[in-house]
Amino acid sequence: MRPAPSLLLFTVLSGAGFGTLALAALGGAAPTVWAAGHALVLAGLVASTFHLAHPLRARFAFSRLRTSWLSREAWGAVAALALLAPVALADLAGGPRPASWGIPGALACLGTVIATAMIYGQLRAVPRWHHWTTPALFLGLATAGGAVIAAPGPWAAALCLALSAGLAASFAAGDRRMARCALTTDRATGLGRFGRVRSIEQPSTGPTWLTREIVEGRPQLRALRGLAVLLVGVAPAAVLTLAPGAAPLAVALHLAGAFVARWLFFSEARHLAGLYHGVPLAPQAPSRPATAAAG
């Protein structure tokens, strides 16, 4: 799929922001931490409107709470910011914290991240996304990013290393799932036993939104996987361990890795609609020379 810049900005920035706010809610946080968390969340939410044809209609996202993960995400964001407002104000004023607001606010932050992930994880038509690792990785990126921003230290470094390991494992597991899936035009038509199936006509006579945004795959640059694993966790952990005073560098490295990882999340996805355009979801096994045409 084609990764929209607005989606990259939204998912990465808001995820890191909600992770920062969740950790700030669980313990006393400096004003700069609260400011960073709110700035990231607001920047992400603003970016989320850029890919809407009619941004003013974003308000309708709140009307489908029972059936839409997008609506749950919208309500979760509002609830998280509302619940954390008294906690943030207490920290900024140097007064006592309201004891009953921090934990619900932190849970609302993490719930919002899960809702964002499930917008993609619920899609059966995108097999690489339709797996429990999608919300797990979104949560991992949020908590590790929040730790690097809110509380840089040994345990933040440990979270970063765990995130890198999980990301690397998810790449390998996703490839294995797609290979086992073996969804091809041969299998979709049931004619694979006669030979390789090809379309003699395309579903449309010219480029469409579907072919531009859904069917056309981005180049699979496997080297970017290693770069994502390195930047998102290994490099920040090394900085936090070897140069504790360089926390801003660790934050920059982590966010750069998060953007690369999220770009891969979108660009490596393959939609089932691609089968109608002759784009297999997984490499086809060798078949007999005979060809069965499907038009």
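Each Cβ is built from the backbone N, Cα and C atoms, and glycine gets one as well.
If you look up TrEMBL, you'll see 34-53, 74-93, 99-120, 132-149, 155-173, 223-243, 249-266 marked as transmembrane segment.
Sequence-distant contacts of the transmembrane segment (249-266) (same chain, at least 6 residues past either end, Cβ-Cβ under 8 Å): 1-4, 7-8, 11-12, 15-16, 120, 129, 137, 141, 144-145, 148-149, 152, 160, 167, 171, 218, 224-225, 227-233, 235-236, 239-240, 243. The stretches the transmembrane segment (132-149) and the transmembrane segment (223-243) meet in space: the count of Cβ pairs below 8 angstroms, excluding pairs fewer than 6 apart in sequence, reaches at least three.
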